[in-house]
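Here is what Swiss-Prot says about this protein:
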ACT_SITE  Cys88  active site, nucleophile
ACT_SITE  His196  active site
ACT_SITE  Glu198  active site
DOMAIN    2-216  domain 'Glutamine amidotransferase type-1'
Amino acid sequence: MRVAIIDYGSGNLRSATKAFERAAREAGIDATIDLTDKPDHVASADRIVLPGVGAYADCSAGLNAMPGMHEALIEAVEKKAHPFLGICVGMQLMSSRGLEKTVSTGLGWIEGDVVEMTPSDPTLKIPQIGWNTLEIRHAHPLFDGIKTGADGLHAYFVHSYHLAAKHSTDVIATTNYGGAMTAFVGRDNMAGAQFHPEKSQTLGLALISNFLRWKP
């Protein structure tokens, strides 16, 4: 199995690569982790990971500036239906639009806009930086065997915006930060984490292992 992590100049690329390598090794999964900026590597990969940190508009522009990469994603994810995981802004790019700084077009896989978080508690700081729990809204194979809820494992977040999905069925998990904020989305062979699995220790490694086993 070859897993393509897309290098478009954004994301915790080294830590993401190391986390996927570790998860595969500890789970006994034979996987080559390919950090790549080559569209043909993405189009032919068995699984695709899109990381991302920073502003939506910048990440969208960076991805679109890579000749052939958008077409490669369409080929692998839409046409071949290979498993896809977006991380942080990579997850946000799965949306219809991002409303940070300006209006930017996303991949359109999860209908909805990425909007600024507005916690009901004014003492909560933006961005949300740190550990928080997850509430599962709809069962998903990537959370198999992972304890969630108030007394469950914690995920690591760094974000000021979240995906306001049009369809509640696309929201797999939320996190409470002065209200329910989208933490994980999924539809068909596509999944996305607002948190950073590569920084989320036990929860993150378990989720990555589940992604490597996932057969949507």
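Positions of Cβ are set from backbone N, Cα and C atoms, glycine also.
Sequence features, as recorded in Swiss-Prot, placed on the structure.
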residue : record                   : Cβ neighbours (10 Å)
Cys88   : active site, nucleophile : 28
His196  : active site              : 22
Glu198  : active site              : 28
The domain 'Glutamine amidotransferase type-1' (2-216) [mean pLDDT, rounded to integer]: 97
Integer Cα-Cα distance in angstrom, Glu198 (active site) to Cys88 (active site, nucleophile): 11
DSSP three-state assignment (helix, strand or coil) for the residue listed as 'active site, nucleophile': coil
Between His196 (active site) and Cys88 (active site, nucleophile), the C-alpha gap once rounded to whole angstrom: 6
